[in-house]
Structures are given as structure tokens and as C-alpha cells.
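Report on the following structure.
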Amino acid sequence: MELVPSARAELQSSPLVNLSDAFPSAFPSAGANASGSPGARSASSLALAIAITALYSAVCAVGLLGNVLVMFGIVRYTKLKTATNIYIFNLALADALATSTLPFQSAKYLMETWPFGELLCKAVLSIDYYNMFTSIFTLTMMSVDRYIAVCHPVKALDFRTPAKAKLINICIWVLASGVGVPIMVMAVTQPRDGAVVCMLQFPSPSWYWDTVTKICVFLFAFVVPILIITVCYGLMLLRLRSVRLLSGSKEKDRSLRRITRMVLVVVGAFVVCWAPIHIFVIVWTLVDINRRDPLVVAALHLCIALGYANSSLNPVLYAFLDENFKRCFRQLCRTPCGRQEPGSLRRPRQATTRERVTACTPSDGPGGGAAA
């Protein structure tokens, strides 16, 4: 199997989207066989493409449907009145965008070429980076939000408001645009070995900027946010162990601890799913390893697929960890357009005359971001 040039080739591509172009020294060019002649394909390459397509199809179906249900449920039932719900909506939006690109990537694997043109190439590559940064930034802010709710309940009344949460979400997308827009500009389609590839074209020297990009992504989309999250949960753990009642109400405390656990599990799932590919990319870039080893190549594909799988995992976690989300999902599936059935899925709760509160909300408390 003829291998394409080294990782410092003049044209580099995204490490997380167009996988066969991400690390050119490891993957065969489209249509290359063992003798180097175009037009043939090995059985192992075809089997890998079929396996990836099947996996991506499942991730796309579960992730797109699940995240759309999350967004619709939040808008329909909570009117975005709580800080936690607003952050969850932002996370679901980023995940839905990421899973929407998987059909294009599956087609690229099966066809061994990029048939969708440069405009979609730019969209797919930039969405990948937008998802990466908006997801971890949102999870970081959710952890900070939990820290303030647990450790500074008085300050939470002022900080954890819907308006401020929406403003923070806007800032998250603006910060992510600092990476997403340059990626969109650098994304190009280029002919290679009789096929078309969608890749990133870095300025000269391309190998230098490619390495700098990978290191910056590793630091700012993984290491630094994880450190902030770790500090927040470390301080929360100390607080939860030292104080029996955080809010003066046992019911409110149970809600507070339940939401904190849910956010921690979602953050943990993100770390488990994304740590392998981040570490793999850094090792691949900085360490001299055998990039032609089939096991290394297979491990890389597995790590990338695991990162994408995280986008379909969050709605499942919400359904299992939060009873209100579970009831909300059931109602959305049973009732056309999410209309509330009289008496269904409701428990006795206090509600103001200005806002009708239903049970189909994350357990964040009614009507305000500081409730829990």
C-alpha cells in the first residue's frame, strides 16, 4: 500500500474531521493499492470504511435526534429560564452541529474522495473546531456555575441569571470563532492521486503552523479547561463535605447535589471521550512513532470515533440522570408538537401566575438561574 508524504507535507488537514487526510504519512491516498496504482482498494481499507460508516450513522442518528429533542424540550418547557438549561442548550446545539457533518464524512470514506465541493469542505472543517471549543468552554462554564451555586449561594443570586448565562454563551461562540473562522478560511479542496481531498492549507512553513495549531488545540481545548473544572469540583467537594445543609432546605439541597452530579458526569464523559484523541494527536505530532503500523492507524480511527460519539452521549446521560428530562423525552415522543397533556407528567409544584412550571425541566429549580 503506497503511503502519501510525511506529516510535514505542504498541505495539512484537520486532525479530527477528514481522517485519511489528517496525518498524511499514515493513510493511503484515495484509490491507491499496494502497488501504488490508482483505482484499486484493499479489503482491509474497504472493511474499515464500512465499519466507520456504520458507526458514524449510529452516532448521527442518536446524536442528532437526541440533541434536537433536548433543545426543543428546553425551549418548550422551561423557556430558557434557568442558567443550567441555557448552558445545556448551548452544548446540545454544538453537538447537533457536529453530528450533522457525519453523513458527509461517511460518504468521503466510502468514495475515497471529497465530492461535495469547497464550500461544504469549509463548513464541515470549521464546525468540527467550533464543536470542540464550544463544548469544552460550555462545560467549563457549567462547572463554574455549579461552583458558584454550591460555594457562594448568595453571590449566585446575582451571577446565575438567565441574561448573564445567555451573554456567556454568546461570548463562548465569539471565542470559538477565533479558531473556527481561520479554519474556514484555510479549508480548501485539492486534487491528490486522482481524487479530491478536503484539507487545511497552512501558511508557509506549513509544518510549523500545523504543529503550533495542534499544540494550541491541546492546551486551550483540553488541558486548561480541564484544570479549571478540576479546581471547581475540588472546591465543591470540600464544601459539600463540610456543610450538611447548603441552602437551609433539604429538598433544595437534594436538587443542588443532583444537578452537580449530573454536570460532573457529563464533564467526565467528555474527558473520557476526548482525552484519547487529544493525547494521540500530540504524541503523533511530537514523538517519532511508526505511523504505518496498522494497529496505530486503527487506534487513531478509534480515538476519533470516540470523540464524535460524545456528541450522541449527552442526551442519553440527561435521560438516565435526570427524571424530569426522562419524563420530558417521553412526553415529546408521545404528544405531537410537545403539547402538554392535562395531568400528565406533572407533580404538585408551586408556580407563579406569571410562569407555568412543568415537570419537564432539568432539576434546576423553577423560574431562575440561581435556584439550584
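For all residues, glycine too, the Cβ spot is worked out from N, Cα and C.
According to its DSSP assignment, Cys198 (disulfide bond) is in a strand. Packing around Cys198 (disulfide bond) is summarised by its Cβ count: 27 other Cβ atoms lie within 10 angstroms of its Cβ, all protein chains included. What Swiss-Prot records for Cys121-Cys198 is disulfide bond.
Feature annotation from Swiss-Prot assigns N-linked glycosylation site to Asn18 (among others); the stated evidence is sequence analysis.
Per Swiss-Prot, N-linked glycosylation site is recorded for Asn33 (among others).
Taken from Swiss-Prot, the feature topological domain 'Extracellular' applies to 1-47 (among others), supported by experimental evidence. Looking at the topological domain 'Extracellular' (1-47) alone, the prediction's average pLDDT is 43.
Taken from Swiss-Prot, the feature topological domain 'Cytoplasmic' covers 76-85 (among others), and the record attributes it to experimental evidence.
What Swiss-Prot lists as topological domain 'Extracellular' is 111-122 (among others).
Feature annotation from Swiss-Prot assigns topological domain 'Cytoplasmic' to 145-163 (among others).
Residues or ranges marked as topological domain 'Extracellular' in Swiss-Prot: 187-206 (among others).
The topological domain 'Cytoplasmic' annotation in Swiss-Prot covers 239-261 (among others) and rests on experimental evidence.
According to Swiss-Prot, the feature topological domain 'Extracellular' maps to 285-299 (among others), an assignment based on experimental evidence.
Look at Swiss-Prot and you will find 322-372 (among others) tagged as topological domain 'Cytoplasmic'.
Sequence-remote contacts of a segment are chain residues at least 6 beyond its ends whose Cβ falls under 8 Å from one of its Cβ atoms, and for the transmembrane segment (48-75) they are 19, 85, 88-89, 92-93, 95-96, 98-100, 102-103, 105-106, 109-110, 112, 298, 301, 305, 308-309, 311-312, 314-316, 318, 325, 328-329, 332, 338, 360, 362. Residues annotated as transmembrane segment in Swiss-Prot: 48-75 (among others).
Summarising the annotation, Swiss-Prot assigns transmembrane segment to 86-110 (among others).
Annotation source Swiss-Prot lists transmembrane segment at 123-144 (among others).
Per Swiss-Prot, the feature transmembrane segment maps to 164-186 (among others).
The transmembrane segment feature in Swiss-Prot is assigned to 207-238 (among others).
When Cβ-Cβ distances under 8 Å to the transmembrane segment (164-186) are tallied for each of 86-110, 123-144, 207-238, 300-321, the top count falls to 123-144. In the topological domain 'Extracellular' (111-122), the DSSP tally of helix, strand and coil residues is 7 helix, 0 strand, 5 coil. Packing against the transmembrane segment (123-144) from elsewhere in the chain are residues 13-14, 16-18, 84, 87-88, 90-91, 93-95, 97-98, 100-101, 104-105, 168-169, 172-173, 175-177, 179-181, 183-184, 187, 198, 200, 217, 220-222, 225, 228-229, 232-233, 263, 266-267, 270, 274, 310-311: each is 6 or more residues past its ends and has a CB under 8 Å from a CB in it.
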